[in-house]
Amino acid sequence: MILEAFIAFTFVAALVVMVAPDEWAGKLAFGLSLAPFLGSLYLWSQFDAVGNALTGGTIAFESRIEWLEVGGRSISWFVGLDGISLPLVVLTTFLVPLAIVSAWTPIDTRQSQFYGLLLFMEANLLGVFAALDFFLWFIFWEAVLVPMYFLIGVWGGPRRKYAAIKFFVYTNAASLLMFIGFMSLTFALGDSVSSFGLPEITQAIAAGGLGTWFGFEAGTIAMAAFLAMFLGFAVKVPIVPVHTWLPDAHVEAPTPVSVLLAGVLLKMGTYALLRFNFTMLPDQASALAIPIAAIAVISVIYGAMLALAQKDLKRIVAYSSVSSMGYVILGLVVFTEYGVGGATFQMVAHGLISGLMFMAVGVMYNATHTRMVGDMSGMADRMPVTVGILVAGAFGYMGLPLMAGFAGEFFIFVGAFGAPSLPYAPIFTALAMFGIVVVAGYLLAAMQKTLFGPFRLETDYEVGRAPLHDVAPLAVLLAAIIVLGVAPDIFFEMIRDAAGPVVEGVSVDV
Amino acid sequence: MSEHVPLWTALLPVLILGVTGLALLLVDTIRPNARSNTTLSVVSALGALASLAVTVWFVAEGTGDVSTGGAIYLFADAIKVDTLALFFTAIFASVTALVVVAAHDYFDDHDSPAAFYSLTVFAATGMALLAVANSLAVVFVALEMVSLPSYALVAYLKKNRGSVEAGLKYFLIGALSSAIFVFGISLVYAATGSLIFSDVAAEIESLEGLAGVAGIGIAMIIGGVAFKTASVPFHFWAPEAYEGAPAPVSAFLSSASKAAGFVVAFRVFTEAFPIGASLVADVNWVLAFGVLAAVTMTVGNFAAAVQENVKRMLAYSSIGHAGYALIGLGALSGSAAGDSAVMGAAMAHLLVYGFMNTGAFLFVAMAERWGVGRTFEDYAGLARRAPIACTAMAVFMFSLAGLPPFAGFFSKYVLFMGAIDNGFVWLAAVGAINSVISLYYYSRVVKAMFLDDPESSSTLDTVDSRPTALYAAVVFAAVATLLLLPGFGPVIETAEAAASALF
Amino acid sequence: MVPPEWYLLLAAGVFCIGLFGVLTRRDALYFLMSVELMMNAANINFVAFALYYGDLTGQVFALFVIALAAAEVAIGIGIILVLYRNFGDTDVTVPTEMRW
Amino acid sequence: MVDAFAYVPAIVLLPFFSFVVALAAGRYLPKGGAFGGIAATAGSSLLSLWVLATVAGGEAYNETIYTWASAGGIGPTDIELTFGLLIDPLSALMLVIVTLVALLVHVFSLGYMNDEGETGLPRYYAGLGLFTASMLGFVVADNLLMAFMFFELVGLCSYLLIGFHFREEGPPSAAKKAFLVTRFGDYFFLVGVVAVLATFGTAQFAGDGSFPALADQALSGAGDVAWVPGGLELGTWFTIIGLLVLGGVVGKSAQFPLHTWLPDAMEGPTPVSALIHAATMVAAGVYLVARMFGFYALTPTTLAVIAFVGGFTALFAATMGVVKDELKQVLAYSTISQYGYMMLALGAGSYVAATFHLMTHAFFKALLFLGAGAVIIAMHHNENMWDMGGLKERMPVTYWTFLAGSLALAGIFPFAGFWSKDEILYEAFVHGLNDPLLLGGWVMGLLAVPVTAFYTFRMVFLTFHGEPRSELARDPEPVRWNVKGPLTVLGSLAVVAGLVNMVPVQKLLGIDGIDFLTQWLNNDFGGIDGVSYSAYNDLLATYGGYAPAELLGLSEELTLLVAAGLSLGLAVVGVLVAWRLYNVASPTEHTAKLGGIKDVLYNNYYLDELQVWTAYRTEDAAGGADTFDQGIIDGVVNGTSSVALAAGSRVRRIQTGLVTHYAAMLTLGLLALLVALGVSGGWFL
């Protein structure tokens, strides 16, 4: 019941903050959000899962309560963690308090609602990563969108409404597609499963439970379902060419929201891809390995090229997220322990690093009220600590060794390069790896123009150092990134344990 | 139910409603000049709730259920009480209760609110009667019992040009439709020689020469049903009627009256014209309903997407939802299990819809009461002045759109899945596409309330009154919409059980 | 005995006349009367086939229909009255404030 | 006895701690944290010497100390990604060089940075500390991945230090370029690392399970590798891997065509330049090839490429050095050129010669840079040689040490550079006789000798000789002990370092045992099996057919003499030409005589322009992609909603507001329904 308490507490915290007075809502929210973080550390310490939750491994903190029955299949409250979900849970609970602190400066209206929604979103995010029943998962999955819609739409920038609605409708349409895809799977499974539990469904598919349905062969259905789910999740990830909501959402979202959007929400997409597409339908995934790998490579390079063309710092980081997510897709599609494990690790790593980048850009924005590359230069002169951390974060983004990003990317590369299930794997991998050069190009160029050189910024006030509570979250994030880069095994070991069974799902003649 | 209870007690929910209507007249008669708005509201609410309570109790007890000896027939088989009837009666009673509570504030300053309550409750009585009808004659009579008060209700604001225009259009289209409906019944009678459903069903298989006549009759009955449910092509009255009518009336019509249309449809087309028999008689009404469902939801949703007036948008969305519910008839395949699943899903959707749509219209009623205007722009920034009500409205909107944390998601889901299970993938696909479109315009309301800034700081100054009863009704509807998510299990089980008795 | 088909044709004819009236008349009262005609077409069927089948249901139901038609007219007249009050006319094409 | 190897991590960590201390508390410490750095590097130096002594005592160390990550690979066993220490003669030697130069640079910085009143000193010393630590980590790495990691960290540090003066326009740009260009090379390196891991399942440098050993076994048929991509020949694949890793080397060691960052990197503080050029970043590339020479020895094609690129770079960079006006620019091109020699040596299979030159170059180039730094202090940061002149009398210590360094650089007997360069050219020559690519490398290397000597002494004469050509030069600022001290140490080394490996003398005079370095690297004192000069020679002979040829049937001694004489002679010619042109009271620019070539040389063969052009074209492409993204892809997204809304506007027009229309449409709808039902039911048949 610990997971229930964990999620329920976060919901309650959201409600409490929602009715708290604006003056101290921020601090209250921070205090309350520490509890889930400590809780997740406790979960970590008690973690005893073995293998992958979906393929029959031992699930940690498993809890299952029957809910209702629809069309002969039961829907239940079914939660639990394994080596893939725990790191993401920890990531979520870790990022939220930091995001809350980073909101203290920029959010100056309707604070209690803001922080309440933030915590509400956290609760749902935890639900997404913990849920093991399809319906439960889907409810959390969609419930994340609602607070996000408000967070962007109410507290965002000038085009916030456009961005919020675009985000909302686009991702919902994608969810629908994914939903249909998944449902067609359950139909094809027929009577071989009696619930919407993801483990049952995964194992039934693995056992060959897919039958014909409506005159379609099992293989056709599986392929169609794979494509529908892939496209649906691709929007969330996002993968080129269904990525265009992301830059708009990021640019308009307030800093803390961007942090969570890039840090956790995008990971929902890759997490779901891993859980659904690649764990449930490995044969389809490997049959489509070449196109998927091609899309991944295109995402990497194209996203990086777009980032290169941007003038808005947030847009740069946003597009580079598109690029980074391409690596994750590549890691998933190769079906090696390093590939899948690395992809999962990269989710966490990118969550921290992109969070750091958005946060640092936000801190600078608090002081300068601009994010445009051309509007300022020499910020290092006025905000040395912030800029120092921003530079460190940028190098993390570029995949500097001993920082988390390198670990994730390197695992993916090692896993992908010789992957037996992906034809032309070395070529795909090498092409994707070229992203590390382009990312260095645009980040360094942007940094050179804004952070260095003689100080220049037209304001009618003095630009000074950022307050401690702006900088502290940055430092904490940077520390986490370095710790994870030096000792990736603190997560990678359990990730690997859970990723292994996924890899075994594909049989390839070596 | 135990042996010594007289059979007519099975009609208790209908009777309670009828008696309540009479009691309202009585109150008005005793104190014709006094403003007894509160008394009337309380009486009608109590009556509706009593009816609801009895209904729920009956369902829980299994009255009319297969497990307790099957449906209860009364009055020479003209009446049939079964779970289906009770299920719909629950919808009618719930919506009525919400509407009359909300009306307390809405008609607070109206000259003569008394007639409103009695008309509403009598219409509800008609609906409840409709639910238990087992003869085309009873259907027609009950239908008129619903329609006639409805016309008056829509035109209730006699000095309001919108209300009158709405009433006129509703009435004219309604009169035409009931004429078509009754002519259809007469043709069916001509072909089969009976009005009792089971007799009609028995006859219709062995028609010779008169098959065409029965077919035309059935088509005309479809027309009558389509009118009541506001489905294409009999939907033209709906946008105007819902827009022009007082908002509580719109809520009542778009939720309860629509459900009433569906109960007729479900019953008539499963019991009087069963699929197998109809096909023998060369009347493929399943296909007709399928096409109507697809066209209806498309028309409703596309038109709703481009409205400026919130109430009219809701009206079109209501047409769209009629399209969804029509899937319950349009996606029947002839297999008992699949059919009861999809029809049960449609019933469950109507129940959920009853709460969320009523709530939405009642929110509009509240906005009208505040006098903030009717367009999306007028709603700008409303959430700052009325956060709770706006949150409730957001719940209704997202639920209507079928987003997961709300009950609308499950009901839509089981509906589409039922359709797919029965092989009507195309219907589900059309529904899915429409759902995406609907998300756009529903979220526009939320956007206006939460994201937009009011034109000027004084625009919303009128939002200072706190219409308690309206608030209560809206919040209650929102809570129900939320609670129907975890509590969806019993609902769908009851609905499927009720539907399975029809096949 | 007149074959039942004739009654059907008669009823259909009356129905169509009523429908024609509905579609062409712009005055609300004509509209109402046309609807009456359509309902009476149904009554013809009911009565004729009650005779044909030899049961009373049709006959009784025809009475029901007549009663309901009267009630409908009552409501209709009421609405037409307020229509006249608000729009100064009984032309049904005048109130077009709500559209699209 | 206490095990020296247990303290190897401390060698790396001490400078790292100085980084942490300087960063965290530098502003509260005297001299901005300089003493911490000095203490740390001094400690590291001592420990390195101890390690050197231990290795000399016949011990070696090759252990994994930390598992970074581990997961299933392509083969049956897990691929373990580890950190470990590999201490053998090569790395022990390199440790000493790096720590020594780092120490001297730290000391020198006291004079160059602190005494000059620079701000941001904690950041500077933090950078130096991290730089040193990264390089040391790279040196002791026992596998390719770890090497890559520290290799990249070295790149980061160079970025931080080159861009130290971030408030100006130039340094940040140069820093960016340095990182970016080397990153481009590192990309190939990274692909190489990944390829090695995928192919062998390990990236260990030394030992039985190391990838060079596995590759050897695979080629000789005694073993098999885990994976080879689609049907490639083993040899071909190994060559590809070798070339990929070489990418990183080319980038970091500033070889053509990725050398462009290095001259720009002169924007950094001069001590940093000394560190980068002498012992750390640039040296890393060459060291890497030496480190995994056991693998390169298996792929003769790669070696030939290395040699050719090296030879070409040596000549190419030297020609550009001829026309530069700024002191540090000349040194920058000389660095590129000298590393070209080392690459040539490696390509020629002469592992020892390369290491030898790496060492001597570390000393004399550090010396030259620090000397240049002293001049720059004296000249108040004016680096233009045409404003100098006549500094000889005014700063004698600097002059004499600088001269020693210059003689070494020019390869004049008996200075350090002579021995090492001579050995390189000899080895390239004797092996090149069998291989045209190698021979081409040798020819270019040889041609670079006089050019090198010329520009070196042009620099010396312009700076120190003649009459002062500016007020500053007439009255230079004096430098203190902290500048002179390091210069003296390095000056001595530049003179004598060549004596550690007098192979020609040994061969000519038959004095055995004076080729200490060769013995050292040949594991004569001890080391790890398979990682030695002779082991590499065996591999070279087996796989590359490398064998010393004799010129025109001359004996080895004669060949040696001819080669040495040739290079020495050419060097002297270069010096003399410089003497003739610039050792005058008021030298003039002679570059005009070069005509069009001058512009080409001034502009570095327009390679920078090419790279800038490439960058701009990339930006254009990015802009195009952005337009495409916003216009087409996002346009489709927004278009979809527009189309839906337009459709909605059409649909709503049905509702005309006229109730008679409704009745008509209703009737039509009913008719349609009737017809549809009738058709589907066949009523009309």
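Yeah, the Cβs are placed from backbone N, Cα and C, and that goes for glycine too.
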Range among A:3-34, A:387-418 that TrEMBL annotates as transmembrane segment: A:387-418
Stretch contact, the transmembrane segment (A:424-445) with the transmembrane segment (A:138-155), Cβ-Cβ under 8 Å, 3+ pairs: no
For the domain 'NADH:ubiquinone oxidoreductase chain 4 N-terminal' (A:74-122), the number of residues DSSP places in helix, strand and coil: 31 helix, 8 strand, 10 coil
Mean of pLDDT values spanning the domain 'NADH:ubiquinone oxidoreductase chain 4 N-terminal' (A:74-122): 90
Folded-back contacts onto the transmembrane segment (A:256-274), same chain, C-beta under 8 angstroms, at least six residues removed: 84-85, 88, 91-92, 95-96, 98-100, 102-103, 106-107, 118, 121, 125, 128-129, 141, 144, 148, 151-152, 155-156, 178, 229-230, 233-238, 246, 249-250, 314, 317-318, 321, 325, 328-329, 332, 340, 343-344, 347-348, 350-352, 354-355, 357-359, 362, 502
Tertiary contacts of the transmembrane segment (A:347-367), as residues 6+ beyond its ends and Cβ separation under 8 Å: 87-88, 90-91, 94-95, 98-99, 102, 105-106, 250, 254-256, 258-260, 262-264, 266-267, 270-271, 313-314, 317, 320-321, 324-325, 328, 379, 382-383, 386-387, 389-390, 393-394, 396-397, 403-405, 407-408, 450, 463-464, 466, 470-471, 473-474, 477-478, 480-481, 484-485, 491
Segment-segment contact (the transmembrane segment (A:466-487); the transmembrane segment (A:84-107)) at 3 or more Cβ pairs under 8 Å: yes
